[in-house]
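Peer 1: For B:T244, the entry in Swiss-Prot reads active site, nucleophile. Positions annotated as substrate binding site by Swiss-Prot: B:T204, B:K233, B:T244, B:E331, B:N471, B:T476.
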Protein chains: 2
Amino acid sequence: MAPKQIRTIGQVSQYVCLLSKPVSPVSGQVRQFTSPVDASIPASKQKFVPSSGTYPKGFKVSGSHAGVKASNTSAPDLALVWSEEPCSAAAVFTTNKFQAAPVQVSSELIRKRNGNGIRGVIVNAGCANAVTGKKGLQDARSMSKKADECNGLKEEDSSTLVMSTGVIGQLLPIERILNKVPEAQSNLASTHAAWLRTARAICTTDTFPKLTSRSFSLPSSPDRTYSIAGMTKGAGMIHPNMATLLGIICTDAPIEAPVLQSLLSHSISRSFNSISVDGDTSTNDTVAILANGAAGGTPISSTGSKDYTAMQSILTQFTQSLAQLVVRDGEGATKFVTVRVKNSPSYTDAKCIASTIARSPLVKTALYGKDANWGRILCAVGYTPDLTPGTVVPERTSVSFKPADGSAELKLLVNGEPESVDEGRASSILQHEDLEIVVDLGGGASGEAGRGGEDAIYWFCDFSHEYVTINGDYRT
Amino acid sequence: MAPKQIRTIGQVSQYVCLLSKPVSPVSGQVRQFTSPVDASIPASKQKFVPSSGTYPKGFKVSGSHAGVKASNTSAPDLALVWSEEPCSAAAVFTTNKFQAAPVQVSSELIRKRNGNGIRGVIVNAGCANAVTGKKGLQDARSMSKKADECNGLKEEDSSTLVMSTGVIGQLLPIERILNKVPEAQSNLASTHAAWLRTARAICTTDTFPKLTSRSFSLPSSPDRTYSIAGMTKGAGMIHPNMATLLGIICTDAPIEAPVLQSLLSHSISRSFNSISVDGDTSTNDTVAILANGAAGGTPISSTGSKDYTAMQSILTQFTQSLAQLVVRDGEGATKFVTVRVKNSPSYTDAKCIASTIARSPLVKTALYGKDANWGRILCAVGYTPDLTPGTVVPERTSVSFKPADGSAELKLLVNGEPESVDEGRASSILQHEDLEIVVDLGGGASGEAGRGGEDAIYWFCDFSHEYVTINGDYRT
C-alpha cells in the first residue's frame with residue numbers, strides 16, 4: 001500500500017470523521033514522508049531552525065531533488081557535502097548487525113584510506129539501501145564514484161562517503177540518483193541557504209531541518225577563528241523502517257585522522273549515544289566528521305595536547321546540541337527531558353542508569369501525563385542491568401526535579417526516604433516543555449558514600465498518544 | 001489527588017465531552033484500583049477465568065476484605081494460603097535493587113529455614129510496603145507472625161511467607177490488616193470458589209483474577225494423581241507504582257526443598273521471565289511454590305531422576321500458562337504475541353533476541369496498527385545487545401508470521417532476502433488477537449549453518465493508545 005504523502009495529526013475535521021477509529025487528537029505536529037519545506041515546519045519547532053550560521057571555510061554543500069521516491073515531485077532528497085581540499089575523516093556507525101550497504105561502503109572507505117583524503121559525503125533520503133544484497137553494495141559504491149567523477153576526481157579508491165535513509169528492503173532507483181549528481185555538484189554553494197537546503201535533503205519524517213554551526217578558537221592560536229557546522233536527521237520511525245539517524249559535521253580546523261576518530265567517538269558517546277526517542281537502533285545510523293584544515297594553524301596530532309582537550313570539549317558540546325535537536329523532533333514528543341545521574345562510581349554506570357530511565361515506557365508515559373511519579377524513576381534505577389556492585393544503594397539514593405524556570409529543585413526522594421511532595425508545585429513544574437530529572441547516587445569514585453563521583457547526562461522525550469498513532473495507525 | 005475508583009475507557013459520551021483533550025476511544029477494558037468483582041470482568045476476558053479446578057490436597061485458601069485502601073469498602077484484598085502440613089518452599093524474587101520489605105522478609109525466611117517447614121503465604125493488595133524503611137520490615141514480619149499465630153503456631157521463626165502489592169512509599173495500615181487475619185484464617189476453604197476469591201484478593205489493577213490448576217502423574221507412581229494450582233497478578237502499572245507481579249503455586253506432590261528451587265528457577269526463566277508487558281521490573285515481584293507432599297509417593301530428591309525431568313516439564317508448562325494470563329491482561333493490550341527464536345547457538349542468545357523484539361516500542365506499535373512490518377523485527381534482532389559472536393548472520397536469518405488460524409506461515413524474510421509479501425494475507429493474519437512471530441537464525445548448536453540449535457519463546461502484548469491513556473492520563 002502506498003503511504004500517504006502528507007499526514008496531518010489532530011485536525012478537528014479529520015478527528016470527527018474518524019470517531020469510530022482510534023485517532024489521537026493531539027495537536028500541532030505535521031509529518032510528511034519527504035523532507036519538509038518551509039511552509040510545513042510546525043510553529044512550535046521554528047525556533048530550532050537557524051536563520052543564519054557560521055560555516056567552515058572550504059566546504060560547499062547542496063540539496064537537490066532526485067525523486068528517490070517516485071511520489072516525491074519537488075522536495076530535496078539528494079545531499080552533497082564537498083570540501084575543496086582533502087579532509088581527515090572519522091565516523092561512527094550503527095552497531096546493528098544488519099548493516100546497510102552505505103554503512104559497509106563508508107566504513108570500508110575510511111578504513112582503506114586510514115581516514116585521510118576524504119573529500120565529501122553524498123546522501124539520499126527516501127530509500128535506505130538496507131537488506132539489499134550485492135546490488136545494494138554496488139549501488140552505494142556507484143553513488144560514491146559518481147560524486148568523485150562530477151568533482152573531477154578519477155582515483156581508484158573513492159573519496160566520497162555515502163549515506164542513505166528511508167525504507168528497508170528496496171533497491172535504490174540508482175539511475176535516477178546518478179543522473180542527478182551533476183546537478184548536485186553544480187548546485188554546491190557555501191551560503192546559509194545552501195546549508196539549510198542540504199540539511200532538509202537528508203530528512204525523512206523529520207518535521208524540521210536540523211542544522212547548527214558555531215565558531216571557536218584553539219589554545220595554540222587564540223586569534224584564529226575556526227568554524228564547525230553540522231546537520232542531522234532522525235525522528236523515530238514514522239514510515240516503516242525509516243528510523244535512521246544521520247549526522248554530518250564539517251570543520252575547517254586542522255585535525256589529524258586518528259585524533260579525529262578519538263574526538264568523534266568521545267563526543268558521540270556523550271551526545272548521539274546519550275539520547276533516546278524510542279530505543280531502537282537502525283541499520284543505517286551514521287555520524288561522520290570531516291576536517292579540512294582550511295582555516296590554517298597547527299594540526300591537532302596528539303591526544304595529549306591542550307588543543308585536543310579544548311577541541312574535545314567543543315565537539316562534545318556541539319554534538320550534544322545537534323543530538324538534542326533529534327529529541328526535540330521525537331515522534332509525538334510533548335516533553336524534552338534531561339536526566340542527570342550524579343555521584344556514580346563510574347561514567348559507564350551513571351550512563352547505564354540514565355539510559356534505563358530514558359527508555360522506561362512507564363516513566364515516559366508518566367511524563368506525558370504530567371505525573372510526578374518518582375516511584376517509576378526509582379524502579380528504573382533499581383532494575384538497571386549490569387551495574388558495578390555497590391553503584392546503587394537505596395539508602396543514599398535521591399531523586400529530584402529541576403524546573404525549567406530556574407526555580408529551586410523539587411525533592412522527591414532523599415537518601416531513600418520519600419519526601420512529602422507539594423503536588424501543586426510538581427504539577428506546575430511538569431507544565432513546562434522542558435524538565436530535568438536529577439538522580440543522585442550519593443556515592444563517589446571509590447564507591448563509598450561522599451561526593452566526587454562521575455556524572456552522566458541523557459536526553460529523551462515522552463511517549464504520547466501521537467507516538468502510538470504515528471507508529472501504529474498510519475496504514476489502517 | 002485521590003484516584004478515581006472506577007475508570008471506564010472509551011465510552012462515547014465521555015469521548016465527545018473531552019474533544020479538546022487527548023482521549024483514546026479504544027473500547028472494552030474496565031480497570032479499577034481494587035481487585036475486580038465478577039460483574040466487572042470484561043466480556044473478552046471471561047474465557048480466561050476458570051469455572052472449576054483440580055486443587056492440591058491439604059491446602060486451604062481464603063480471600064478476605066481488609067480495606068487496605070480506605071476507599072476499598074468491599075473487595076477482597078487480603079489473601080491467605082495455608083497447608084495443613086509443613087511444605088518445602090522455593091521462591092524467585094525481583095532483581096530490583098529497591099527490594100520491598102516483604103521481599104526481604106520472605107527471602108530471609110526461606111534462607112533461614114533452608115526451604116523447609118513453610119506453612120503458608122499471606123498477601124495484601126493496595127499497598128506495596130516498599131521504600132518504607134525499618135517500620136516496613138517490622139510490618140511485614142508482623143503479618144507473617146500473625147498468620148502463624150492464628151493457625152496455632154508459636155515457633156520462633158515464622159513459617160508464613162509474605163507478599164504485598166500496591167502503592168510504593170506508603171506504610172501499611174498494619175493494625176487494620178492484623179485485625180483481619182483471624183477472619184482470613186476462619187475463611188480458609190478448599191473449594192473452587194475459595195481459590196477464585198483468593199486469586200481476586202491479590203489483584204490490583206488486573207481486570208480478571210488469574211487462576212489455573214491441573215492434575216498430573218509422575219513416572220515413579222503412574223497411578224497416583226497429583227494436583228497443582230496457581231494464582232498470579234500483574235498488569236503493568238495503572239496506579240502509580242502498582243506494577244507488581246506476584247505468583248503463588250501449590251502442589252501436593254512430594255518435592256524436597258533444594259530440588260524445588262531448581263525446578264522453580266528453571267520454569268520461571270521460561271515463563272514469568274519470558275513475558276513482557278512494558279519491560280519494567282517492580283520492587284515487589286515474587287513467585288513462590290509450596291509442595292506439601294499430601295498426595296503421597298516417593299519424594300523427588302535428585303535432579304537426575306525421571307520424576308524430576310517429568311516435573312520440570314509439567315511445572316514449566318504450568319507456569320507458562322499462568323504467565324500468559326498476565327500478558328492477556330496487559331494494560332491496553334489488543335494483541336497476544338508469541339515470538340519464537342529458533343536455531344540459535346544457545347538458549348540465552350535466543351531468549352535475549354526474543355526479549356529485544358518483545359520490548360521494541362516500534363514492533364509493539366506496528367502490531368497494534370496491524371502492520372506486517374518485518375523491518376522493525378529485523379532491526380530489533382540486529383541490535384540485540386551482548387550476543388555471542390556469530391549468533392546473528394544476516395544471510396541466514398528468516399522471519400515469518402505463524403497465523404492463529406493454523407494456516408501456513410507467511411514468510412517475510414528468507415535467508416536475509418525480503419519476500420514479496422501478500423499484503424492482503426498479512427492484514428487478515430493481523431486481524432486475529434493471537435499471532436506468532438518466528439525468527440529462524442538458521443544456525444546450530446555449533447554456531448554453524450544447519451539445523452539443531454536452541455529455541456526460545458517469549459510472550460508479549462502490543463502498545464496501544466489505551467496503554468498511554470492508562471499510564472499517562474489518569475491523573476490529568
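Counting starts with 1 at the first residue shown.
Just so it is clear, glycine is given a Cβ too, placed from its N, Cα and C backbone atoms.
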Peer 1: Give the three-state DSSP assignment (helix, strand or coil) for the residue listed as 'active site, nucleophile'.
Peer 2: coil
Peer 1: Compute the C-alpha separation of B:T244 (active site, nucleophile) from B:T204 (substrate binding site), stating it in Å without decimals.
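Peer 2: Here the two Cα atoms lie 9 Å apart.
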Peer 1: Helix, strand or coil: which one is B:K233 (substrate binding site) in, per DSSP?
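Peer 2: Reduced to three states, the DSSP call for B:K233 (substrate binding site) is strand.
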Peer 1: If one looks at the chain holding B:K233 (substrate binding site), which residues at least 6 apart in sequence have a CB under 8 angstroms from its CB?
Peer 2: B:A125, B:T165, B:A199, B:I202, B:C203, B:T204, B:D206, B:K210, B:T244, B:L245, B:L246, B:V326
Peer 1: So for B:T244 (active site, nucleophile), how many other CB atoms are inside 10 Å of its CB?
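Peer 2: Excluding its own Cβ, the number within 10 Å is 29.
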Peer 1: Just to be sure I understand the packing, how many Cβ atoms besides its own are within 10 Å of the Cβ of B:T204 (substrate binding site)?
Peer 2: 28
Peer 1: 10 Å Cβ neighbour count around B:E331 (substrate binding site)?
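Peer 2: If we count other Cβ atoms within 10 Å of B:E331 (substrate binding site), we arrive at 26.
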